[in-house]
Amino acid sequence: FRAVPDDGGLVDADEDKDIKTEASNDSWGNNNANDGRLLSPSPGSSASAGSNKSAAGASEEQQTLLAVLQFLRKNKLTESVEILRREAGLPEDSLEPKGADSLLSRVTASSTAGAQAPTKVAAGEDQPDVNVVLSAYSQQGDPALYEVYYSGLKRFIESVLDCHRAELSQVFYPLFVHMYLELVYNNHESEAKAFFEKFSGDQECYYEDDLRVLSSLTKKEHMRGNETLLDFRTSKFVLRISRDSYQLLKRHLQERQNNQIWNIIQEHLYIDIFDGMPRSKSQIDAMSGSLAGEAKREANKAKVYYGLLKEPEIELPLDDEDEEAENEEGKPKKKKPKKDSLGSKSKKQDPNAPSQNRIPLPELKDSDKLDKIMYMKEATKRIRLGPDNLPSICFYSFLNAYQGLTAVDFTDDSSLIAGGFADSTVRVWSVTPKKLRKVKSAADLNLIDKESDDVLERIMDEKTASESKILCGHSGPVYGISFSPDRNYLLSSSEDGTVRLWSLQTFTCLVGYKGHNYPVWDTQFSPHGYYFVSGGHDRVARLWATDHYQPLRMFSGHLADVTCTRFHPNSNYVATGSSDRTIRLWDVLNGNCVRIFTGHKGPIHALAFSPNGKFLASGATDGRVLLWDIGHGLMVGELKGHTDTIYSLRFSRDGEILASGSMDNTVRLWDATKAFDDLETDDFTAATGHIHLQDNSQELLLGTYMTKSTPVIHLHFTRRNLLLAAGAYNP
Amino acid sequence: PHTEMADREERRFAEISRESVKFMAESTGVELGDDVAGLLAEDVCYRLREATQSSSQFMRHAKRRKLTVEDFNRALHWSNVEAICGYGAQDTLPFRSAKEGELFFIEDRDINLVELALATNIPKGCAETMVRVNVSYMDGKGNLEPQGTVPSAVQSLSDDLLKYYQQITRAILGEDPHLMKVALLDLQSNAKIAALLPYFVYVISGVKSVSHDLEQLNRLLHMVKSLVQNPYLYLGSYIRSLVSSVMYCILEPLAASINPLNDHWTLRDYAALLLSHIFWTHGDLVSGLYHQILVSLQKVLSDPVRPLCSHYGAVVGLHALGWKAVERVLFPHLPAYWANLQAVLDDYSVSNAQVKADGHKVYGAILVAVERLLKMKALSLSQQSDGGSSGQTGFAGGSICYRVSSPGLSPPPEPLSEATLGIASHLQAGGAGCPLEEWTPVPLPAMYCELYSFFGDSLAVRFSTGPGDARKEPPGPTSNPDTTRKMPQLTANLNISPRHDGSPRTDPTPPSLAATGSGRSLTRSCSSSSSVQRSRSSSRSGQRSAGLSRDVFPKARFTSSQTGPPAFSFLIGGRQMGLRCQGRRPFQTNFAPTPPLSAVPPRAYAHKLPVIGRVGKPVRRWACSHYSLHLPL
């Protein structure tokens, strides 16, 4: 709830308790019905969403509250104001507009990027109001001198020792942007253009997209309402620079009395100073590229319980049929050490695992237990993959998908496949001979003998059996779909701003979850069911429970659209990828952002957790797959090879192989074991958070598999490690 | 329109001039000052870029590479701007320029809603979306099927379709000509075969396996024709596969060509005709195709190792693509090629007889191509110099011509090249009203001189009949104001030519639709005709005796007698050509040192001249040109 303005940090403590006691406690849903609007991507809200709870002392909390109240009042949400005020026990006259205004200005501008890291350098003191954020540029020097300043700095940086140059060069881009914006803001259009012409070529190529946006912006009027730029100003661009390099820069600027630049550095940059060796160019390049610079080191310090939850103990029935079958075939009866090993493995409590009930999980139903048993049986037949034993790949081609296939999902047992289409429909196919049937109508159900053994069979309506079903309900393209683990439900998120829950028993829509109000790009069920996460154009990811029509958590902090969302295998964390080119990991328990990963140079469209929960793989429009160590919060690998956007990533069941599917019509297989093993021996320079990536993509690439003019938009490993890929044939 | 530019040229920005803004304002009845318009223009540019930027997000999430109108409208919708109506077409909208002035627009035709609503030919039975699985890679290795090909598994079709498919292929490739006709007709008009398209395309791609069997090749080509003509089929990028099959028939030294008795020439002619048809009707489907084809034709032509029949195919193919293709590829290449051809034709040894005969074929094909080049070029020049108004009548041939031809443009922008070169470059290259300033081909007289040095008399004769050829095309003769003399194109051109003298001629130009539209008879007749041989040999001798001295030409065989409008007649097969020199002679004498200055309108014998190889049949609707041995079904 950290991100929810009207709850602020105030109710948070109670919330934690609630979670521990009962998942479906009502207080989970006590978000104000208007929170969707509050978090619409207007500059004000996105900034206020990031209001920083952990840094706040008691008085600041009070101020936050006042600011929130003020905001609510301003938006005429009187009822919410009333409720919040009463809950907080504030007197009615506490909302003096004058006071609140200034408070608001202080609160709202606090860094959204920094999560709960206590702001250091120049933060906090002179934070500009979000309303006057533009006027931060009003203090200006002589526009003609901007070029002089910039080239002066450029000359200086070019003249410093090699070891410092790469680090100091990081300053160029944010400086360039802010100086340009200052010029634009102060109506020096021609100077701004000249400045851009002269220096835009110097910037790193991975900022090309942002530069394009910038170059089109030449008028003060255009700055208003350009969200990208508002973010650029409200959030500080984070640079990591070694102390030596920083001193060098500081001394230079002070000697030259170059106040213009110094002011920008003070006001708009966050320089994360570390002690030790300056980083090399390649080290810096590996980590930079995001909209707002790198993550602060503090942002990745929080402890993450990445271990897996203990598997519930399920009595494995003797799999008689199998044994008999084998006997019939004349094979000697096997003992079952496998089963024991499986059991013992899950019995050990992983030291890195969260406590079993950190997040309340739904109890297993009988059918779930049956499925688990099925899963274990299948697992014993699983093929061990490796560099010498690559998976077979089956391709599911969507033919005649003129409606535009936009999303695909398989059930875990690979029995169903669903496709989301641009024409707003969702289609479900059975990929086994078993046809899809609806449950009989209520009237017919009454006639059934409920005591009979095959009642589950009897409730199905044979007449409706078909190979596929169409689910209609959305009013815009469906961008994300996800099956529930128990195969009873299907989620779909759409451009129309809703997430819908469909029953796969009746093939009807059960709930429409409204809250995003903007296109919802992705949604996914938790691996344990019940919860799901969604993320969209409003830059917020939301955590929902299927029986609540309002979100339980809102994860806000991304500076641009949340493009993809994934649950950690232990359901305690959610990873989101964004078009701000960062990946964030959120704690479901308290809504905190616990990791920020930077390094991608384009919007992120695919995420995958390794089955052991330790690693995360991400793929982006830049065609690269990056591997992250969640525990240490570090990038641990870069897989280059794809030539177009990666839309799908999946680890094999045992995590030995990483499969990536891309718009370039290929599936590539990577040696995940090797990628991760190599670095276990490495000692992380975790203190500084630096990485030395060797370029070993080619060694790790195990195979490239062409499709038939079909972009690969989904990948799935069956329980026996057969790789399924899906996409629409695109002649 | 401008947004589309922004989409295509990612790095460049759309610029909207203040004039555009003013025009817009005027069209709604508002007068704008310069400064206001300027400010507005800048703001509009910015908003457009902004919307384009955000629309790309919708494209990415729909997992597409192509930005659609819907994406853009969505972006507008979410930034609270009203969506633009009327631009939701499936196909790329042709970007046009108006002849007067520099005005560019997207051709957005009115749609007759009533007609649409009451339409009976609504494509039905659109193939159902389905999921099919195939094991692509076993144990991470081994392709079970070759990569990147059209799926060949027929079993994923419904029973009905499967039956249909089997019947149709059997009928077309089978023995019964009547059945074949019926099958082809159905293929041409069936609205429900979208799902089968890949399979038919696959069947057609089997041309390579039947290269020994002319009959089968022919049938496959007819299948292509039927598919191309089927109004319910969206060929999409299958067009590429179809074109490559057709190209195979045009260019490859087929197994069937080994036997001189096999008439593979006709097949090549027909395939070339088909190629041009595909272009004029579906050329906009695949970008870059036109260019690729030009390149591959050029490659074949410049490869001396290739057999003559391949060269023949290349020439015929270029001819089919329009006179501009000829001008761009064949003409510059001619001097180099001529030497080789000459060598073949000069070898009178018995062992060379067959090759020599082939050489004559090529010769004839080149002749036909360059003649049309001259004719069309002259025509286009004369149009320009006359302000282009009169020339338009010449293009009235065939509905297809009209379909693609742009309003009032002498060389109508050819759809393919638009896709190939991108709008901006294309516009510069000559889609606008004043193309000649931009690309500068060899001036007509120079071209003619050069060609004359190769072809000598035979060229001149054909040239003079040229206008008739073009004029004969339109259904009614009424449109042609008959005038009495020949070679007017030349004169018209002369007035212009100084401008172009000395300018480079390298610039590629899109072929004119009109040119191909009124495409000319590629004749078998010329090939084996003795007259051609004669003229060819004459040109040879002309060359030997240092270039252009025409005295050496044995003209004696052309018996000229009458004056006045002659009634021409000649026999195909090359025994006798009547009265041909009539038109040529005065011209020739006048021309040699300095071209004549008498300005005379063309189309002297427009309606009187039977054209070599022209079939007497009524014009087929879909084919704008008639080839001598066009195979009727």
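Numbers here mean position along the shown chain, with the first residue as 1.
Each Cβ is built from the backbone N, Cα and C atoms, and glycine gets one as well.
Note that TrEMBL annotation is computational and uncurated.
Pulled from TrEMBL, these are the features on record:
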type	residues	note
REGION	A:1-58	region 'Disordered'
COMPBIAS	A:24-34	compositional bias 'Polar residues'
COMPBIAS	A:40-58	compositional bias 'Low complexity'
DOMAIN	A:141-269	domain 'TFIID subunit TAF5 NTD2'
COMPBIAS	A:316-327	compositional bias 'Acidic residues'
REGION	A:316-364	region 'Disordered'
COMPBIAS	A:339-350	compositional bias 'Basic and acidic residues'
REPEAT	A:398-439	repeat 'WD'
REPEAT	A:471-506	repeat 'WD'
REPEAT	A:513-554	repeat 'WD'
REPEAT	A:555-596	repeat 'WD'
REPEAT	A:597-630	repeat 'WD'
REPEAT	A:639-671	repeat 'WD'
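Simply put, out of A:471-506, A:513-554, A:555-596, A:597-630, A:639-671, A:471-506 has the most Cβ pairs sitting under 8 Å from the repeat 'WD' (A:398-439). Remote same-chain residues near the repeat 'WD' (A:471-506) are listed as 365, 367-368, 371, 404, 406-413, 415-416, 418-428, 436, 438-439, 512-514, 516-529, 532, 534, 536, 544, 546, 565 (criterion: CB distance under 8 Å, separation of at least six residues from the stretch ends).
With DSSP classes pooled into helix, strand and coil, the tally for the repeat 'WD' (A:513-554) is 0 helix, 22 strand, 20 coil. Break the repeat 'WD' (A:398-439) down by DSSP state and the numbers are 0 helix, 23 strand, 19 coil. The DSSP breakdown of the domain 'TFIID subunit TAF5 NTD2' (A:141-269) into helical (H, G, I), extended (E, B) and coil residues amounts to 99 helix, 7 strand, 23 coil. Here the repeat 'WD' (A:597-630) returns a mean pLDDT of 93 for the predicted model.
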